[in-house]
């Protein structure tokens with residue numbers, strides 16, 4: 001923006017336009033940002049237009065609930081159209097000018113659309129409240145649910161308790177050791193090991209939320225869980241899953257800074273920055289994942305209360321409802337894209353940037369070291385998101401997948417990372433091995449040979 005020219009008694013503006021530069025400090029990479037933002041923009045436009053067309057063409061959807069959904073889709077189209085096209089222009093041209101009037105017109109529409117988004121969500125919440133108040137709540141849900149574990153494998157579930165108990169004990173012990181070692185070893189008080197200890201805490205929470213109840217099912221097949229406890233478990237499963245995804249994002253960014261901008265590593269990943277970042281991720285997880293159990297608990301459960309699963313999975317529970325669960329399915333898709341989808345796009349972009357830098361390294365040894373540093377992280381990322389996608393798609397288009405196979409993948413998708421993370425991240429890290437020998441086994445390590453003395 002051009003500075004105003006001072007004149008006697010007044011101020012006159014020479015050039016009435018602003019210059020938008022995009023993300024400060026990332027000018028060299030902004031043209032790559034066009035890819036994920038273009039994909040998000042196309043998905044938002046096409047998805048919301050498709051939703052409006054379906055509601056308009058289907059007479060059965062001409063109800064207040066779906067009318068509100070149609071209004072929300074229209075507002076979403078307006079909101080992203082107010083910002084994304086200009087952003088893509090900035091990413092492509094590196095800088096972009098906008099007229100004085102155009103800037104404030106854009107500002108006006110952003111705030112109007114945001115307020116309409118909030119208002120529509122408030123009306124939708126009121127609509128659901130009124131719909132639920134029309135029935136006697138005590139007659140529309142059971143006292144609890146019955147979890148049967150792996151469908152069709154009732155006779156062998158007692159034997160399954162052995163490997164799952166071993167996994168549970170190992171996950172608790174290994175992740176607790178990582179937290180203990182990182183806390184007590186001063187040399188490990190760096191961002192990378194801090195992320196590792198936070199990941200270990202989340203893994204402990206995730207497996208503790210699921211496995212004790214699973215082992216109870218295997219021992220006392222089937223197992224009863226109260227109505228409230230089922231949805232509390234559902235919340236914590238999705239909340240810890242969202243935190244797991246968030247930490248994988250932060251660890252990918254950590255590798256990006258360490259490889260692409262090592263001289264500014266400590267200044268970029270400062271304590272204040274990390275505190276703000278984790279606060280945002282926790283708030284995101286609390287708000288978005290709480291929507292899933294809240295909406296599911298508002299459904300009418302007037303038939304079977306038997307869940308063909310090892311834990312209170314959202315769709316496994318929602319399918320027991322005797323009302324339409326379209327909104328619940330859409331809400332889960334929205335939450336999944338807002339958390340896992342956005343995280344995958346960011347991680348992909350981060351590793352593309354890392355790959356570009358690594359391929360420019362002149363030394364093969366340096367390339368090998370960089371690939372070795374990122375390889376284990378990529379393996380965990382691919383396992384976590386691919387199994388998550390499989391679990392997500394089977395409920396919607398996997399009718400031919402045997403139920404026990406689907407439940408097995410749904411369980412392993414949540415339980416394998418807490419077991420693998422300590423092995424891949426800790427056992428392969430020399431500093432953690434040395435700290436483990438020092439603080440847990442009380443042995444000294446020879447710095448020259450790395451052999452316990």
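Glycine too: its Cβ is placed from the backbone N, Cα and C atoms.
Residues 405-427 are the range that TrEMBL records as transmembrane segment, among 405-427, 428-450. Checking the ranges 32-54, 101-123 against TrEMBL, the transmembrane segment annotation falls on 32-54. TrEMBL lists transmembrane segment for one of the ranges 1-23, 231-253, namely 231-253. Check TrEMBL against the ranges 159-181, 297-319 and you find transmembrane segment recorded for 159-181. Break the domain 'G-protein coupled receptors family 1 profile' (47-142) down by DSSP state and the numbers are 81 helix, 4 strand, 11 coil. The stretch in 32-54, 231-253, 335-358 that contributes the largest number of Cβ pairs under 8 Å to the transmembrane segment (405-427) is 231-253. Counting Cβ pairs under 8 Å to the transmembrane segment (335-358), the top-ranked stretch among 193-211, 231-253, 273-296 is 231-253.
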